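Asker: Input: one structure, supplied below.
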Amino acid sequence: MLKFMLDTNTCIFTIKNKPEHIRERFNLNTSRMCISSITLMELIYGAEKSLAPERNLAVVEGFISRLEVLDYDTQAAIHTGQIRAELARKGTPVGPYDQMIAGHAGSRGLVVVTNNLREFERIPGIRIEDWC
């Protein structure tokens, strides 16, 4: 059963094995983790714009082969719209992809795993964990 949705920065730390203890958490929870298709887009974008796109795309493919990639769906969009409206009311904007990942995780009742606490702590109604 899925419990965790990894944010993009957690994926990058895991891929780079920095800090080293994050790999252990990853390996212990692989069957309970997923990423959003939004995170996949960010990983592909980063690999494509890198100096070694073929190598980095292969690394991303290997990484995501161990995870379930959840499509961003209608419920995720509804939840994200609610989050965006609440943040606008409070005057505390958060990056659009972080809103989408939070909305996606919230729509599925999943915990967002991120070290980007500065952004995600401002988002109402989601659960977060920092594995770094």
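Yeah, the Cβs are placed from backbone N, Cα and C, and that goes for glycine too.
This is the feature table in Swiss-Prot:
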BINDING   ASP7, ASP98  Mg(2+) binding site
DOMAIN    5-131  domain 'PINc'
Asker: Based on Cβ atoms within 10 Å, give me the single least packed residue among the binding-site residues ASP7, ASP98.
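Answerer: So among ASP7, ASP98, the binding-site residues given, the one with the fewest Cβ atoms within 10 Å is ASP98.
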Asker: Sort the residues of the domain 'PINc' (5-131) into helix, strand and coil with DSSP and give the three counts.
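Answerer: Each residue of the domain 'PINc' (5-131) counted once, the result is 79 helix, 15 strand, 33 coil.
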Asker: Over the domain 'PINc' (5-131), what does the predicted model average in pLDDT?
Answerer: 95
